[in-house]
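What Swiss-Prot says about this one:
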SIGNAL    1-21  signal peptide
ACT_SITE  CYS143  active site, nucleophile
SITE      ASP162  site 'Important for catalytic activity'
CARBOHYD  ASN173  N-linked glycosylation site
CARBOHYD  ASN259  N-linked glycosylation site
SITE      ASN320  site 'Important for catalytic activity'
SITE      ARG333  site 'Important for catalytic activity'
CARBOHYD  ASN342  N-linked glycosylation site
CARBOHYD  ASN348  N-linked glycosylation site
DISULFID  CYS388-CYS392  disulfide bond
Amino acid sequence: MLGRSRLTFVLLSVTVTCSVAQHVPPWTEDCRKSTYPPSGPTYRGPVPWYTINLDLPPYKRWHELMVDKAPALKVIVNYLKNMINAFEPSGKIVQLVDQKLPGLLGSFPGPFEEEMKGIAAVTEIPLGEIILFNIFYEFFTICTSIITEDKEGHLLHARNMDFGVFLGWNVNNNTWVVTEELKPLTVNLDFQRNSKTVFKAAGFAGYVGMLTGFKPGLFSLTLNERFSTNGGFMGVIEWILGKKDAKWIGFIIRSVLENSTSYEEAKTILTKSKILAPAYFILGGSKSGEGCVITRDRVQSLDIYELDPKQGIWYVVQTNYDRWKNPFFLDNRRTPAKMCLNRTTQENISFATMYDVLSTKPVLNKLTVYTALIDVTKGQFETYLRDCPDPCIGW
């Protein structure tokens, strides 16, 4: 009971701090400049590359990666178990995870079932806990995604991956526990078939879905969570109870990256597929005007907001709120991102200036795990681990 009260106090303290601080210095700042190439206190380090060989049986595809990352995965899985046990000390919930979730594996699409079994075998983590690790990305992805088009019609796509809100606050160093534990698990992935790249992505070791990636020469895709009362928790409950006609958002993104052959095909799938959780799909292409934010509920598309440079719309910015609504007053990353893009101007957009925008507080915040920069046409994909030293807002 004491642990639960302490957690409540910490969350309230963080919320009050954010409500007071987000709109005033030093938690906000003027648009950053000259932060690229990454260096200094906001740069944690590079992200390693691994090849995922799609010609291998699904059970074996992740073995090399998971041999390296098993210790870090065990740390975060154990933390999640301890967090669950803090609310249910009997351990029955974790017991149910270990005993019941593997029985649901036959409901997962494509190769994901065998891939998760392979990860469990290599890491010696119970299969139910590997499934839980893959499920919880449906709920806590709070991000900023941007697509820009310069004066020559060249497209860039960038994102901050913010993850881990309310999953434990470390009062000793003012960080989110899960955010910090995800950084050693962050990897760049080159998915290959016949020794040729099919797509590239940034992900977390142990997670077989995708949240950030691109298909060279064709399109780029990122996912942002969309908050809704009829949200991911409801979708997961329905799925567990047997209603399995909706797709997991991380799995549909991977499927699109792996199988779609054009921007328009990807757009159609992301617009029309029934999904487990509401989401924003941020999709970029390789030609002028090929960039959009698809606002989704679980059943249908609510809005498609597209680049239109002839009408002066040379960028789209998506955080975690519908574009026709004001952001939550405790969490306005949209306004500073747009302000910094406008100050940058269309003539000066580049990897360097996009990184500057994503390095400006509160777009950069305590939840930021990594920043990704994507150039579909040139085939460039860069990912950098981030830090946000104090003073820095919690989200």
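Glycine is no exception: its Cβ is also placed from the backbone N, Cα and C atoms.
Here the features listed in Swiss-Prot are painted onto the structure.
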| residue | record | Cβ contacts under 8 Å, 6 or more apart |
| --- | --- | --- |
| CYS143 | active site, nucleophile | ARG159, ASN160, MET161, ASP162, PHE163, THR222, LEU223, ASN224, GLU225, THR319, ASN320 |
| ASN173 | N-linked glycosylation site | none |
| ASN259 | N-linked glycosylation site | none |
| ARG333 | site 'Important for catalytic activity' | THR144, THR319, PRO327, PRO362, VAL363, ASN365 |
| ASN342 | N-linked glycosylation site | none |
| ASN348 | N-linked glycosylation site | none |
| CYS388 | disulfide bond | THR42, LYS361, LEU364, ASN365, LYS366, THR368 |
| CYS392 | disulfide bond | TRP27, ASN174, LYS361, LEU364, ASN365, LYS366 |
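Counting other CB atoms no more than 10 Å from each candidate's CB, the recorded sites ASP162, ASN320 peak at ASP162.
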